[in-house]
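Scroll down for the structure; my scribbles are underneath it.
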Amino acid sequence: MGLTSSLRFHRQNNKTFLGIFMILVLSCIPGRTNLCSNHSVSTPKELPSSNPSDIRSSLVSLDLEGYISFDDVHNVAKDFGNRYQLPPLAILHPRSVFDISSMMKHIVHLGSTSNLTVAARGHGHSLQGQALAHQGVVIKMESLRSPDIRIYKGKQPYVDVSGGEIWINILRETLKYGLSPKSWTDYLHLTVGGTLSNAGISGQAFKHGPQINNVYQLEIVTGKGEVVTCSEKRNSELFFSVLGGLGQFGIITRARISLEPAPHMVKWIRVLYSDFSAFSRDQEYLISKEKTFDYVEGFVIINRTDLLNNWRSSFSPNDSTQASRFKSDGKTLYCLEVVKYFNPEEASSMDQETGKLLSELNYIPSTLFSSEVPYIEFLDRVHIAERKLRAKGLWEVPHPWLNLLIPKSSIYQFATEVFNNILTSNNNGPILIYPVNQSKWKKHTSLITPNEDIFYLVAFLPSAVPNSSGKNDLEYLLKQNQRVMNFCAAANLNVKQYLPHYETQKEWKSHFGKRWETFAQRKQAYDPLAILAPGQRIFQKTTGKLSPIQLAKSKATGSPQRYHYASILPKPRTV
């Protein structure tokens with residue numbers, strides 16, 4: 001596909017030409033629909049030069065309900081990965097969907113005269129600069145929290161929320177009605193738009209699919225500035241493109257999320273295995289059953305001293321004497337973590353159900369620990385750990401995380417090499433591992449997964465300790481990640497990255513496989529100038545190649561278009 005580079009747009013002062021230009025621009029950018037404002041989109045009479053001060057002036061001239069700032073850009077120049085420093089030119093604080101649409105249409109109108117790109121930023125929890133827009137515009141999506149969270153009861157209850165709302169607020173509000181979303185991430189202080197642009201996977205995904213599986217409707221601002229309402233039956237291509245689409249096709253401004261009755265309590269259970277085959281077999285057994293736990297995850301523990309004694313602060317052992325005799329030093333262990341939801345009046349039957357399920361498993365008997373906690377406390381468990389790390393100054397540090405999706409057929413070979421040879425400890429962060437059943441997932445989203453019904457999420461979640469050396473050093477952890485990836489490639493394990501990050505077109509094409517052409521075609525349809533989500537490093541904005549008038553001409557003549565891919569993007573500057 002490609003953008004023809006032979007045509008170049010030259011600015012002219014002739015008023016007649018400007019009139020024709022405006023007609024063509026407006027004809028190739030459909031008008032907005034379902035906006036939360038009655039304002040019309042203001043368009044500059046002249047295109048500003050590429051000079052940053054002229055670009056700033058053009059942004060200031062926009063008629064917005066919110067506002068644009070230029071002074072605090074360093075606050076959004078980093079993300080949770082904390083490895084890159086890429087300040088934008090400006091920050092948009094939108095008060096309405098109209099503000100986002102106006103900004104997008106303005107940048108489309110500028111065409112090849114500017115380098116402006118746009119990144120929608122929620123809580124900034126991307127890992128490798130995906131939510132950054134170097135010298136572009138960052139949209140602070142948390143400013144877009146109006147109208148309020150709206151909950152609808154009935155046979156199929158749902159909640160309407162802003163794309164900038166965070167999941168913990170949705171949980172708190174829906175619980176007032178005895179309801180809750182079905183599928184979660186492990187950390188709830190993330191925005192709706194952020195998780196739906198990736199997938200949103202946690203221990204409920206085997207039963208309900210990821211969060212993108214539980215969306216009825218979306219409102220999207222596309223890369224052209226169009227505001228589109230979409231669902232499985234209405235504008236379905238855009239709907240499925242955006243879900244798991246890495247922010248490439250549009251900005252999620254509203255979402256309608258499926259709900260279910262919420263429990264009051266959970267029984268939270270942990271058990272240990274020393275044999276990976278037994279561990280993975282039991283995990284797969286649990287996710288295959290109709291009547292099973294409501295949450296199934298697991299994690300790897302390598303050479304951890306006094307492990308079970310550390311659990312006692314939150315969990316109670318089934319057999320305290322036997323638990324005290326268990327030694328974890330020097331061992332590679334696998335923890336199965338499961339949860340059963342219940343209400344107080346169901347406690348007795350819940351105990352019977354969990355007892356029966358546990359009796360069918362092959363864990364080490366002395367390692368059974370459990371706890372009963374409120375539903376919201378369990379779901380918000382990572383935030384409790386966050387507060388402790390913040391107090392120690394260990395939250396805002398580099399996070400060289402690696403998230404992989406591994407086919408069932410490859411998981412044993414992966415575990416044998418990685419957990420026994422490549423890794424010697426995991427004291428600097430957890431390693432999650434659990435299977436999901438893909439047969440219950442929607443098939444048409446942009447999310448890329450292995451081509452097997454059952455695959456495992458394996459997440460390496462280390463933190464690089466500041467001013468450290470050895471195994472806690474950032475460079476060491478990055479090299480360790482690369483060793484894992486090199487092994488996967490050499491062994492041909494057919495692994496896919498979750499929250500992917502690649503540097504070259506070849507790598508992105510390999511990631512998408514046979515779906516690459518569809519992905520690129522949808523990019524052309526919804527964001528033809530490649531304005532959105534530059535930090536993903538998939539496409540580069542077509543600066544100096546095509547303006548809207550040339551784009552319209554190329555469509556009219558059927559001229560081929562060419563995108564510029566990640567292979568020619570400049571390397572981000574490290575912090």
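Every residue, even glycine, has its Cβ placed from backbone N, Cα and C.
Note that the structure is a prediction, hence the values are computed from the model and not measured.
Quick look at what Swiss-Prot annotates:
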BINDING   A120, G122, G124, S126, Q130, D186, T191, S197, I201, I252, Y498, Q536  FAD binding site
DOMAIN    84-262  domain 'FAD-binding PCMH-type'
CARBOHYD  N14  N-linked glycosylation site
CARBOHYD  N38  N-linked glycosylation site
CARBOHYD  N115  N-linked glycosylation site
CARBOHYD  N303  N-linked glycosylation site
CARBOHYD  N318  N-linked glycosylation site
CARBOHYD  N437  N-linked glycosylation site
CARBOHYD  N467  N-linked glycosylation site
MOD_RES   H125  pros-8alpha-FAD histidine
SIGNAL    1-31  signal peptide
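Shown on the structure are the features that Swiss-Prot records.
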residue	record	Cβ contacts under 8 Å, 6 or more apart
A120	FAD binding site	A131, I139, M141, G163, G193, G247, I251, I252, L532, A533
G124	FAD binding site	V76, K78, D79, F80, A131
H125	pros-8alpha-FAD histidine	D79, F80, A131, Y187, L190, G194
Q130	FAD binding site	D79, L246, G247, L499, H501, A533, G535, Q536
T191	FAD binding site	G122, H123, M141, E142, G163, G164, E165, I166, W167
I201	FAD binding site	T185, P210, Q211, V436, L457, Y498
N303	N-linked glycosylation site	D329, G330, K331, T332, T424, S425, N427
N318	N-linked glycosylation site	L368, F369, S370
N467	N-linked glycosylation site	none
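Those residues noted as binding FAD (A120, G122, G124, S126, Q130, D186, T191, S197, I201, I252, Y498, Q536) have their most widely separated CA atoms at a distance of 23 Å.
Reduced to three states, the DSSP call for A120 (FAD binding site) is strand.
Neighbours of N437 (N-linked glycosylation site), defined as other CB atoms within 10 A of its CB across all chains, total 16.
The sparsest Cβ neighbourhood within 10 Å, among the listed recorded positions (N115, Y498), is found at N115. Over the domain 'FAD-binding PCMH-type' (84-262) the predicted model carries a mean pLDDT of 96. A Cα-Cα distance of 43 Å separates N437 (N-linked glycosylation site) from N115 (N-linked glycosylation site).
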